[in-house]
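Notes follow the structure.
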Amino acid sequence: MTWEMPEKWARAGAPPSWSSKKPSWGTEEERRARANDREYNEKFQYASNCIKTSKYNILTFLPVNLFEQFQEVANTYFLFLLILQLIPQVSSLSWFTTIVPLVLVLAITAVKDATDDYFRHKSDNQVNNRQSQVLINGSLQQEQWMNVCVGDIIKLENNQFVAVREGHCPSRETNMKVRQAIPVTSELGDISRLAKFDGEVVCEPPNNKLDRFSGTLYWKESKFPLSNQNTLLRGCVLRNTEWCFGLVVFAGPDTKLMQNSGRTKFKRTSIDRLMNTLVLWIFGFLVCMGVILAIGNAIWEHEVGTRFQAYLPWDEAVDSAFFSGFLSFWSYIIILNTVVPISLYVSVEVIRLGHSYFINWDKKMFCVKRRTPAEARTTTLNEELGQVEYVFSDKTGTLTQNIMVFNKCSISGRSYGDVFDVLGHKAELGERPEPVDFSFNPLADKKFLFWDPTLLEAVKMGDPHTHEFFRLLSLCHTVMSEEKNEGELYYKAQSPDEGALVTAARNFGFVFRSRTPKTITVYEMGIAVTYQLLAILDFNNIRKRMSVIVRNPEGRIRLYCKGADTILLDRLHPSTQELLSTTTDHLNEYAGEGLRTLVLAYKDLDEEYYGEWAQRRLQASLAQDSREDRLASVYEEVESDMVLLGATAIEDKLQQGVPETIALLTLANIKIWVLTGDKQETAVNIGYSCKMLTDDMTEVFVVTGHTVLEVREELRAHGCISPSQENGALSGSVFQAHALEADMELEFLETACACKAVICCRVTPLQKAQVVELVKKHKKAVTLAIGDGANDVSMIKTAHIGVGISGQEGIQAVLASDYSFSQFKFLQRLLLVHGRWSYLRMCKFLCYFFYKNFAFTMVHFWFGFFCGFSAQVGHPQPLLACVRDGLCPCMEYPKLYEPGQLNLLFNKREFFICIAQGIYTSVLMFFIPYGVFAEATRDDGTQLADYQSFAVTVATSLVIVVSVSGWTPATGHFFIWGSLAVYFAILFAMHSNGLFGMFPNQFRFVGESLWLLRELGR
């Protein structure tokens, strides 16, 4: 029973007697589920299977959504301004000048939230109403999925999803996973026997660990262990199995799918953080201006205003100059609020959205082979792409293709895979003869190529070591086979490595044909041999090895093991010392060629020892506490004193364009660190292959200490490196573990950051994240992590920017990422084109925005000194347009990327320059027209202009000056003249006789006051 990944099910049950207790959410210590007994299971009040991911309904949408939106400080601030504008004694502006943009922002956000929630409702209904076959009262009945309960037995059929849409798998892995029913329940094949099944499962409480499950089945006074191998996860797809029955253990929000659907940590850019700080400063500046003008108003009213009460009487609520100043303060807060306008946040989000679409639409980042476009999975980090200083990259599947090819091997001290010419020299790829002919094997994979004929000769001649080597490869794996037509075998492997090794054994005459929960059938040189499968000792990132224990037809029990050399070589029998030395030399040779290596070994077990060991394994698997640790200890015991058989070398070629991409990013002053689990020699070779390490470097040093003291001494020896030197640092496995300890991390960081290239080998997924966190914490630099597999998720989430490669290892990395594409070479375009453009545009926009806001707003401030501080506006609100700039190609000139890394284009200094320019512009645009109009008269002695004429003149001057400040030869004509044309068209419309006649209070044409006084004087 297999699938494409993830959620929780178990073919099993639990202890019949126990005292009922009710678990509370978040405190459940264990889960109990009895088969075919809903009444018993209902006592625990487990969550129902109804999925609810939606947030609103028709009644709650408006109040809840508005409450959420007003959690934003900006929205609350502008709501406060709106309330102020509704107070007649305070407001000099019409309330609609604030309510229109506020309502528009709230409405747009509400529509977006409503649309998202509509699709969540639709998805929930689709899942909840899906029909399932449930065993109820002795027969299979159609039941809606939301009515399925814990303890129910349900039936699944081949290619059926476990009640979820295909896009909702928690890990979205596409590799096959082997899952099997435990033997005691696998015999319950018919409905009548299943209806009588009353087993009870006791297992771990709900959690989000996709690769772990620990439980026990209690049935017929016996206990049976349950593990992840016996579970189906919600969202997986059943493959290679016509049907199966499963006992529901977790339902609804308790399932691993829902447990993994928590919110991802929100990432903010450095510009966001700076902008928030600047907005606070601006608000403080706004308050200071309001206080100054309020004090001016109080003084003016006390000294001057009291003498004009007949002409300018106070409102009824105003009883003193002080209170007039108090009201004036709030009036000026309204008038001057444009220094922090609501449009700032809206405009920034619109720009970011546009940049995200530019990335999605970029045809140069589209992979034709996989039909995969680039995808911006977030809109909040685009400008941060233009400031990256450190790139942390996985190797396998990211720099390489992750398409594994069996290249070489070492069997009993002899190396195979190289081809030699007549002079005994190694033949290059282009000089090699025809590949090995596998026509003797009708089941061979025709796409498999191997060049050394001596290995096939050894197999045909019956060499026992060679036969045992390929027998191990054909038995020690979790690959599933599928035979659609006679002789047409298709392998589905959990990893490309396993697929490559099983395919190699297949071509050399040891064909893995099929498997059952208890047997594996292999065709050995055309003869079918069925082995009894006694135990599988699974691979994980801690063990770094996998073993199987089988019994051959003659009754001999043997353990076969394959794994990393650093793990397996320490578990060999002392008698293999001579062979170990030769094999180690071969391993180093293979690693030096950039090949991925594994060591193979076996161990014979007698019946008595195996029986005792199997009993200890059973006891460990039934343990309720520390089950995994106990199993690991039992595995360690049997995986010792093994006999070395040989080693494999698999080629994983570099992706197209990787060396060129790394070279270009290096020229842009971006430091690239490769974090890989491979051994040192392989990592060095890859470093040279992708041009991270070059012969021009003054030194390439390796830190290989095995203790904290040794590592510290090596770090200090290399710690005096000048950052200007071109060095490559390579960290060894133990070095990496020790170097990340708190008392050594600064020494490691100082040494590594002084190097031009850094490669960390033998690192675990957790250590990858620790390296990224170390640089983030101490270097204060923008980091980017890129990877393609589940092992890279923690690193991707830790970095400022996470990039996922959609490749051979599923798309779990893509789901955790901020940006995704299919090939590493697209990273150069993401950073040097889209990243730089986004950063430049955002910086220019913000500088222009703050400049024009201060230019327009400060005019009101100056006007306050000439209008008795009466909180009148100095000009009408203008119409503005954003100007687009032309950009130089950073792909051709990588050094143009550096301003973003140094944060030169928008920082506190640039901000103060912008507001100083804005204030200077406001001074010129206010006082020059004022000087012209103040004393100017017509021929008849009347004043040249009134308040409206002066205001329109100031506003028009500001529009022209501010617009032309963004002039660029390429696009300036269209945007600037277009913007000015629209402005003047609206201006003439607003001050026309027609609009004045229809709406005299809203549209006052130029010269209205002068015209009115003349009419009254007649």
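Placed from the backbone N, Cα and C atoms, the Cβ positions cover glycine too.
Note that TrEMBL annotation is computational and uncurated.
Taken from TrEMBL, the feature active site, 4-aspartylphosphate intermediate covers Asp394. Long-range Cβ proximity for Asp394 (active site, 4-aspartylphosphate intermediate), meaning a same-chain Cβ under 8 A and a gap of 6 or more residues, is found for Val674, Leu675, Thr676, Lys768, Ile786, Gly787, Asp788, Gly789, Asn791, Asp792, Met795.
Marked as ATP binding site by TrEMBL: Asp394, Lys395, Thr396, Glu498, Phe539, Lys562, Arg596, Thr676, Gly677, Asp678, Arg762, Lys768, Asn791, Asp792. The number of other Cβ atoms within 10 Å of the Cβ belonging to Thr396 (ATP binding site), over all protein chains shown, comes to 27.
Confidence annotation: the domain 'P-type ATPase N-terminal' (34-99) carries a mean pLDDT of 82 in the model. Under the heading domain 'P-type ATPase N-terminal', TrEMBL lists 34-99.
Taken from TrEMBL, the feature transmembrane segment covers 93-111 (among others).
According to TrEMBL, the feature transmembrane segment maps to 278-300 (among others).
Taken from TrEMBL, the feature transmembrane segment covers 320-346 (among others).
Residues 92, 271, 275, 278, 289, 293-294, 296-297, 300-301, 304-305, 328, 331-332, 334-336, 338-339, 341, 344, 347-348, 351, 878, 880, 882-883, 905-906, 910-911, 914-915, 917-919, 921-923, 925-927, 930, 954, 958, 961-962, 965-966 of the same chain, all 6+ positions outside the transmembrane segment (845-871), place their C-beta atoms under 8 angstroms from a C-beta of that stretch. Annotated transmembrane segment per TrEMBL: 845-871 (among others), in sequence order.
What TrEMBL records for 910-933 (among others) is transmembrane segment. Long-range contacts of the transmembrane segment (910-933) within its own chain (CB-CB distance under 8 A, at least 6 residues past either end) are made by residues 278, 843, 847-848, 850-859, 861-863, 866, 874, 904, 943-945, 949-950, 953-954, 957-958, 961-962.
Feature annotation from TrEMBL assigns transmembrane segment to 945-968 (among others).
Per TrEMBL, the feature transmembrane segment maps to 974-996 (among others).
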Most crowded position, judged by CB atoms within 10 A, among Arg596, Arg762 as binding-site residues: Arg596
Longest CA-CA distance among Asp394, Lys395, Thr396, Glu498, Phe539, Lys562, Arg596, Thr676, Gly677, Asp678, Arg762, Lys768, Asn791, Asp792, per record bound to ATP, angstrom: 25
Secondary structure composition of the domain 'P-type ATPase N-terminal' (34-99) [DSSP: H/G/I, E/B, coil]: 33 helix, 1 strand, 32 coil
